[in-house]
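What TrEMBL annotates here:
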ACT_SITE  Glu166  active site, proton donor
ACT_SITE  Glu351  active site, nucleophile
BINDING   Gln22, His121, Asn165, Tyr293, Trp397, Glu404, Trp405  substrate binding site
Amino acid sequence: MDFKRSDFPQDFLFGAATAAYQIEGHKFGGAGPTHWDTFAATPGNVIRAEDGALACDHYHRFPEDLDLLKDAGMDAYRFSTSWARVMPDGRTVNPEGLDFYDRLTDAILERGLKPYQTLYHWELPSALADKGGWTNRDTTKYFGDYTDAITDKIGDRMAAIATINEPWCVSFLSHFIGAHAPGLRDIRATARAMHHIMLAHGEAMTRLRAKGMKNCGIVLNFEHSPPANDAPETIAAARLQDAIYNRWFIEAATKGTYPQEVLDGFGDHMPAGWQDDMAQISQKMDWLGVNYYTRHEILPDPTIPWPSLKAAETTLDVTQMGWEIYPEGLKNILIRMARDYVGDMPIYVTENGMAWDDHVENGAVYDPVRMQYVSDHIMAAKHAIDAGANVKGFFYWSLLDNYEWAFGYEKRFGMVHVDFDSLKRTPKASYHALKAAIAR
Ligand code: GBH
């Protein structure tokens with residue numbers, strides 16, 4: 001790695017991130033069915049129709065997984081709690097589920113790691129999905145009740161709490177592009193989900209504040225999306241992409257507004273009275289989480305319906321997700337967030353990482369492309385700090401190879417390799433390199 005810990009401010013945190021459905025194994029501990037189970041079971045949605053029933057069996061192996069974080073010298077662990085585990089039908093508490101997160105929290109703290117909790121990383125209980133999921137306003141109230149239940153159990157031990165992971169994925173990717181559960185391609189459902197997921201954020205903020213929780217924020221995903229050429233139509237298309245992907249959520253959460261060009265596209269599909277929710281959605285947060293993976297150059301495409309745009313052919317090196325490697329984009333986003341939206345409020349890089357087809361050979365995994373990727377992105381965060389952004393930490397996505405949503409177990413993002421037959425964990429070379437860098 002091209003950096004060492006001492007290049008960063010003293011309180012800068014290094015960590016790794018995971019999400020409940022992607023690692024735990026949802027067949028254990030009385031967790032209820034989620035919309036991902038149904039989505040995965042429908043042919044054509046997920047590679048080999050794989051789901052999170054077993055995943056990494058983190059439900060039983062969490063002590064070993066937390067030891068890996070500790071042994072790497074990390075400071076913090078970003079994990080999520082599963083709504084469907086805590087409330088299998090979305091509304092009734094499962095004591096076994098709460099007990100699991102109680103034990104997990106103790107185990108994180110015992111190892112001297114700071115727990116960074118995310119309340120929603122996508123496992124919507126099926127009972128609520130069946131009633132319209134995020135297109136149904138009622139879901140936001142039930143999300144508030146879940147927030148209360150899990151906060152009563154572990155809230156006072158968390159170093160930080162995030163409400164929603166990546167509202168763009170929850171809404172646009174899942175209801176317009178159809179690539180994630182529930183797999184809709186419907187502009188009306190999209191407009192409603194894009195508002196209701198932000199209302200769920202606001203509702204959770206209200207519940208967390210009522211319980212005195214201090215370190216509360218949201219985790220948003222951003223992509224660097226410049227126009228692919230100088231034509232006015234191209235510039236307009238890139239602006240619209242930026243408004244849908246990068247601006248909708250951060251402007252709602254920090255300013256209480258939505259970009260007008262997206263509202264124009266949605267027309268009367270927005271739920272009635274949405275304006276009245278904006279004050280609750282924009283209540284003050286304590287920190288912002290930035291997930292960053294890639295850039296896409298944008299082109300207009302008048303042959304397709306609104307928003308009539310597409311990504312240009314890639315021109316840079318790509319990861320095995322086909323995503324362009326562009327560390328400069330992380331620096332730009334961090335500086336832009338500080339400058340335009342959050343000022344001095346702490347920003348964390350809550351996810352950054354890449355997929356590669358890693359293999360164990362002679363008991364080791366050699367992943368030089370990932371080593372360079374991580375090093376370059378951590379350096380990009382450093383450059384953003386040098387330019388004045390208040391970036392307080394970096395979480396690698398992910399600790400473990402895991403259930404990569406529509407890609408099943410085929411794409412490996414981990415710093416630790418998981419053999420999905422034996423479930424054996426093998427730290428990759430990038431894990432050892434990060435460990436060495438943060439020890440210095
Ligand atoms: C994160 O989302 C998730 O939080 C995490 O659960 C997941 O495992 C991880 O990424 C890796 O995928 O036009 O097809 O090139 C990342 C959000 C949204 C980033 C889509 C890349 C490119 C889509 N991603 N985006 S594509």
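Cβ from N, Cα, C; glycine included.
Locations of recorded TrEMBL features on the structure.
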residue : record                   : DSSP (3 states)
Gln22   : substrate binding site   : helix
His121  : substrate binding site   : coil
Asn165  : substrate binding site   : strand
Tyr293  : substrate binding site   : strand
Glu351  : active site, nucleophile : strand
Trp397  : substrate binding site   : strand
Glu404  : substrate binding site   : coil
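For Asn165 (substrate binding site), the same-chain residues that are 6 or more apart in sequence and have a Cβ closer than 8 Å to its Cβ are Ala19, Ser80, Thr118, Tyr120, His121, Trp122, Val219, Asn291. Within 8 A of the CB centroid of the substrate site residues Gln22, His121, Asn165, Tyr293, Trp397, Glu404, Trp405, the other residues of that chain are Ala19, Trp122, Glu166, Glu351, Ser398, Asn402, Phe413.
When the alpha carbons of Tyr293 (substrate binding site) and Glu166 (active site, proton donor) are compared, the span between them is 12 angstrom.
For the pair Gln22 (substrate binding site) and Glu166 (active site, proton donor), the C-alpha distance works out to 15 angstrom. Ranked by how many other Cβ atoms sit within 10 Å of their Cβ, the recorded positions Glu166, Glu351, Glu404 place Glu404 at the bottom.
Taking the Cα atom of each, Trp405 (substrate binding site) and the residue listed as 'active site, proton donor' are about 14 angstrom apart.
For His121 (substrate binding site), the count of additional Cβ atoms within 10 Å of its Cβ stands at 24 [all protein chains shown].
Spread of the substrate binding residues is 18 Å (greatest Cα-Cα distance among Gln22, His121, Asn165, Tyr293, Trp397, Glu404, Trp405).
The residue listed as 'active site, proton donor' is 15 Å away from Glu404 (substrate binding site) when you measure Cα to Cα. The C-beta environment of Trp397 (substrate binding site), restricted to residues of the same chain at least 6 apart in sequence and closer than 8 Å, consists of Ala16, Ala17, Asn291, Glu351, Asn352, Gly353, Phe413. Its own atom aside, the Cβ of Tyr293 (substrate binding site) has 25 Cβ atoms within 10 angstroms in the protein chains shown.
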